[in-house]
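Chemist: For reference, the structure I am asking about is given below.
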């Protein structure tokens, strides 16, 4: 098998291979290779080493690996405007037109002639054989000058890009003129003013989302089911039995009156209403017929329908006026107009109900409940024989139809209501029923989503997490994605039965005949952690870069991180430090700069010359795009170590923070370096320095042999087995392109600020990332502790993953002007890189490996926490806005990763409203007599499930105490931090997270808006000597033509990286090859 990478389009193109000699690793020596070393070994040497050359049986394949939609140009996540000069590529034919037969034959003929000419030149008779070059230690050889970039129009620095979103923001903030924003809000230029407008528009949208949540929670019930009157139940179910409700208020003709009001009214009429009459019906003392509707029915009847105007108390006494007359209800209503009514349930009307009567005296007319007990006791037919029959037969039922259908009773209805009304029937109209259905469905969906996510997280912890790191194991039933996507083990496509990583052709991945030399185990301080060192889980060793990015850290932080990485149980021969110092920065309270601290920790080789400042193109605007860095080579505790110090150009030597370009630029040094190495592209001066020093440190292992990179922040302490577990997961499943471990807090008891973060870190890993891992799509690999795959084997070749041009070009955005881009690239570069990986390779996997653990230092003051979470929350919102548009993630409809991302996005923006409404619901339920238990059930479900997760996964009950601390701090997490972050959408500074000596104020925001968009001078470039070059990547035009012809098969196997514009790039690489 060849070590060639697939084309930039990645998994959809098949390499065109020319016969070439077998290439092997250079012999490992302690010094650069001698001048007479030609970079190859004889067959006898190979046989002695136990290596056998690999031959691929056939270059044909059954069907195309292309999907039709992959053939269309795919717009980038950022705007598609002209980038800097470093992104200039020669023009290529348009992607939609396949090459004709004549064009295919002509290009193939040119490639063959070029290769044959080079071979004839090296073997021409009468000439001395070409002497191979050794790795130089002097100045980099200069190549021919690159073609000049096309002329670009000069663009004013204050020009604002106008799109539909820009005009939307302009319209939404039209009431704020530019002079007001400039003068009052101190936004001097047009870009800052536009960013402020976009921020305010986003705040409007978030407020609308919060108001929509409030309407669904509170307002929907009131709109669809308005409260016409306040009602109190006559009875309620307690412990399975319906009992009469006791209250101090009194009832008068179905209306509820406060006892104090009734007592005062009785006292004014010379009556003493004692507390014995609390919760009593006083209707018998009042005459409610203020209109005289009952006069014609009372005429000639003694006693009349009013009764004796007397009320008995529960203890045998009674109350009555001396003249046996009744009180006027109208007089009481002048003092107090009651708006509350007594409501009856249908069960109250049934025989042997609450009152234990054989037959209830209650009947219903409309929505009113009539109590005819006084009518029955009078034994007089006030309303005629027909009315008497209807009233007696309607007890316990709805007599509305009978009363309205009979002429005698129809006229008597006003009198019936004035004499016998006892309350209202408890009923719901159509609006109330609809509101209850909507609320129940919403609560059911929320509970279902929460429960399903927790169940899936538990399933991952129990059944899948362990198989990720088992020797020979894969990611459980997630492996269907590998085989269905055409990403099964490339060993299935070769003749040999062994695994791809064990074949001789894959020497780039492992050293088959090298012994395992493992580092010492962990220090005693880590012995309390329940991790048993186990080096046997990795059957194949992958060469791994240990990238440590540092800024202003001190010696203690740097030594803690590097000691933990050096002491990992993974083989020292297969890991290399790459420490990147972001500028000549001196941390607060430090006497030396961070680069000086790191260099002093290194065991430098005395034979190595003093490093020179090498130029490269950095991620910046204007003149700062040209930067310089020095590369120091040595060892740290027996592990090869490169230290790259970004020192800046001589022009910025006296400026504050010389060489500082940000963490993204540090990551791009590595990513762009491996892209150029894998594609044999021109190397910058810095790339060339890294290449030969890395090869020299690893005793002949060239950088193209490295497959994985572990990205670690300074001040992170990696546990001994973490690296081993991560590499094991990468080896066991080749479709994993990125993974992260569990990050724990080292200073959890320092202050209340650190204490509230313990459970938040735990739940974000064992709940959020565990659930996402079941789909194979962790949306955020934390920059402090994560591993990426540089290249992946597939179908006998290599696919660039982290070094893919799609990733590198999108991540290497220099001119960042809009609010959205700044939140993506300046605040959350780690999450943005994860989003890019998922977007470019939606069929590959991003996983969480809980066995790999690290400890980090978290903010211990609230101001630093506020600054850190502002960056995290704002970058999360903008990355989720991008990720929700990726439609080809794993899953279907509501059971998809895209739906999960949408739920996370909505849940993030409505956090402030959610916590306020939660408090409102709790208080409302606590104060209400008619309690609605649905919100309480939902709240208990959300709060209780994390405790269940703790019990079923870690079984460390101490986390339940940390959970209580976290719940007490919910107003901080859900209200203060999100609200502060949303209002500061246009703040792109890093705040107080990293403090630099002598720096008074962070001016990143102002500088990011004021940099002129000028292109810097292009740095020198060169190519590697022939014997150091990785295998070239040539694509047959016939293969490209076949790809267009076979794109209709609809195969779902592609990783999504074969965009058409990358074919143009591929041809440009091919045309510029030596």
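Positions of Cβ are set from backbone N, Cα and C atoms, glycine also.
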Chemist: Between the candidate ranges 381-408, 409-436, 437-464, 465-492, where does TrEMBL place the transmembrane segment annotation?
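Modeler: Residues 437-464 are the ones TrEMBL records as transmembrane segment.
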Chemist: Where else in the chain does the transmembrane segment (959-980) make close Cβ contacts, counting only residues six or more beyond its ends and a cut-off under 8 Å?
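Modeler: Hits for the transmembrane segment (959-980): 748, 755-756, 758-760, 762-763, 865-866, 869-870, 873, 908, 911-912, 914-916, 943, 946-947, 950.
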Chemist: Which listed range (202-220, 437-464, 935-953) shows the maximal number of Cβ pairs under 8 Å with respect to the transmembrane segment (909-928)?
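Modeler: So the stretch in question is 202-220.
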Chemist: Using Cβ atoms and a strict cutoff of less than 8 Å, what residues sit near the transmembrane segment (437-464) while being 6 or more residues removed from its termini?
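Modeler: Contacts of the transmembrane segment (437-464) (Cβ under 8 Å, skipping residues fewer than 6 from its ends): 216, 220-221, 224, 475-478, 766-767, 770-771, 773-774, 848, 850, 900, 903, 934-935, 937-938, 941-942, 945, 948-949, 952-953.
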Chemist: I'd like to know the mean pLDDT over the domain 'Chitin synthase 4-like' (343-423).
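Modeler: That stretch averages a pLDDT of 87.
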Chemist: Take the domain 'Chitin synthase 4-like' (343-423) and count its residues per DSSP category (helix H/G/I, strand E/B, coil), listing them in that order.
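Modeler: Tallying H, G and I as helix, E and B as strand, the rest coil: 39 helix, 14 strand, 28 coil.
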